[in-house]
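Taken from TrEMBL as is:
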type     : residues : note
DOMAIN   : 116-191  : domain '3-oxo-5-alpha-steroid 4-dehydrogenase C-terminal'
TRANSMEM : 12-32    : transmembrane segment
TRANSMEM : 53-72    : transmembrane segment
TRANSMEM : 78-94    : transmembrane segment
TRANSMEM : 106-130  : transmembrane segment
TRANSMEM : 150-169  : transmembrane segment
Amino acid sequence: MASPYFADEALFSAAVLTLYLCFPLTYLSLILTPAPYGKHSRSGWGPNIQPPVAWFLMESPTLWLSLLLFPAGRHRSSPIALFILSLFFLHYINRTLIYPLRLRRLQISTGGGGGVPFSVLAMGFFFNLLNAYIQIRSATHYTDYDSQSWIFGISTAARVTIGLGIFFWGMSVNIRSDMALVRLKEQGGGGRVQDTTWRVVRAG
């Protein structure tokens, strides 16, 4: 009988491989067929779900699956793993809770809002399920934190510093982009009518 460790290791490897295989397939499919939401919204992709609900459901695995998996990691008490998890949560609390609440407030104030096809929701949910599993198991179980050079090595310190800089820069871009999109939706009536005007966001 195979040990649970090796069974989980096989699952982890399969999840990573699946995600890598999805990348080129997603790229090619989006070249041929634009994702059916927003300005490309069209019928035939399943029932429409209200955007705040769709966003919450799509991103939700990053929170609940992370909370389920973290206690099972062998590094669950590691300060480094806890720090990495805090960054992960910082980003996805914004994506899962704050942004959908902004969309909901927009719907209330404008009385409008389109929908997200269920198929798009399902694909987003699947991606975040894989992403959360890989990120959390890697950070809390499969990464080796035992080596002191991981913490005190000069090259590692440089990589961590650069990585943190990229993370916070990327998160700030993400938040500013969300705010710009919400402002555009407010100008367009929240999706109450079809708006075919092209707009270019400048300076945030």
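Note: Cβ is positioned from N, Cα and C throughout, glycine not excepted.
Because TrEMBL annotations are produced automatically, they should be read as predictions rather than curated entries.
The helix, strand and coil residue counts that DSSP assigns across the domain '3-oxo-5-alpha-steroid 4-dehydrogenase C-terminal' (116-191) are 67 helix, 2 strand, 7 coil. It is 106-130 that, among the stretches 53-72, 78-94, 106-130, forms the most Cβ pairs under 8 Å with the transmembrane segment (12-32). Each residue in the domain '3-oxo-5-alpha-steroid 4-dehydrogenase C-terminal' (116-191) has a pLDDT score, and their mean in this model is 84.
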